[in-house]
Amino acid sequence: MHRIVSVVAPLGFRLQAQPLVQSRPLSSVQDVLRRTPLYDFHLAHGGKMVAFAGWSLPVQYRDSHVDSHLHTRRHCSLFDVSHMLQTKIFGCDRVKLLESVVVGDIAELRPNQGTLSLFTNEAGGILDDLIVSNTSEGHLYVVSNAGCRDKDLALMQDKVKEFQNRGLDVGLEVVENALLALQGPTATQVLQAGVTDDMKKLPFMTSAVMEVFGVSGCRVTRCGYTGEDGVEISVPATGAVHLATTLLKNPEVKLAGLAARDSLRLEAGLCLYGNDIDEHTTPVEGSLSWTLGKRRRIAMDFPGAKIIVPQLKGEVQRRRVGLICEGAPVRAHSPILNTEGTVIGTVTSGCPSPSLKKNVAMGYVPFKYSRPGTQLLVEVRRKQQMTVVSKMPFVPTNYYTLK
């Protein structure tokens, strides 16, 4: 989901910044960048800061990108994702408001249950992806992408004004908390030491407000962007450094930056907004049909429904697929060809997989080439390499569900 810089590098590696989602070392832009509450904390721990989406964020720390990636898969890592836009939608008509701009069935969410959903336009394109939680405190808690902050806020604020002008009860508030992601197989074991709530009773895509290592008012959501078990903690900004410092005292926990986050999400088959999905991609083309609520499909009452719903019943022209590639690492914008050498699509994300020690990628191909096992070619530095369409995720996910 979350839009991050595409800065993964070959195994063994020299870190490279990819130009599609801009990130650059801090220089003259430093003074105009926003800083998270953990900025000084990152510097003190060797964070290599880059400019991303108007923020100064760590791309990695003293450990290599690959070390951080593998540590997350085997133990757990702490990511600062405070640049994400956090909002509350409240009022009696809050569900009706959000359902006017997203494709999901928000009304069916139980108290403190969440889901991934999509903002769409009337042409069926994806404006952004978001996580929405139906809190037991009487509001919807929404987390969306930093790179889409302005357009997401404008979309929601315009809808609030429209609904209020119609006499409906809605409101919107930006949450100025920090947001920390603790990800990996031992993440909740680490967290359990600092909370009184039983983490075994908090399954994937549910949340609760609790005190975490002495910091009150934290919303803990069992979700993440790595494919591993883990949580995202919305923490009051004044408590962010204390919480991060306390978590880091546990030997299971290491800091990780944008580079590891990108390769982890790609192994998990998760989309990067702006690369893998955008305003010209429909949920069906993006292999995200599961985000469309069944009730919403029948009612056809979400933006772009007249375009999107018919695609569910027939073949779309193109489809997002996974690719396992031979040869050199494959990057975004690399052409995809059929075995006759005709260009049929484009890679949208790619990197060497530290877990698999293979090159993995995502891209779009015509529907007839989207079946797993289909042999194709990719072009890297003007040379053609064999690739095969693969099921995703590339690495099995480990989300926690109640037995």
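Our numbering is plain: 1 for the first residue shown, then up by one each step along the chain.
Placement of Cβ uses the backbone N, Cα and C atoms for every residue, glycine included.
Among Lys201, Lys294, Lys357, Lys368, the residue that Swiss-Prot annotates as N6-succinyllysine is Lys368.
Least packed by the Cβ count within 10 Å, out of the recorded positions Arg261, Lys368, is Lys368. Site extent for substrate: among the recorded binding residues Glu232, Arg261, Tyr399, the largest C-alpha separation is 16 Å.
The sparsest Cβ neighbourhood within 10 Å, among the listed binding-site residues (Glu232, Tyr399), is found at Tyr399.
If you take the Cα of Glu232 (substrate binding site) and the Cα of Lys368 (N6-succinyllysine), they are about 38 angstrom apart, rounded to a whole number.
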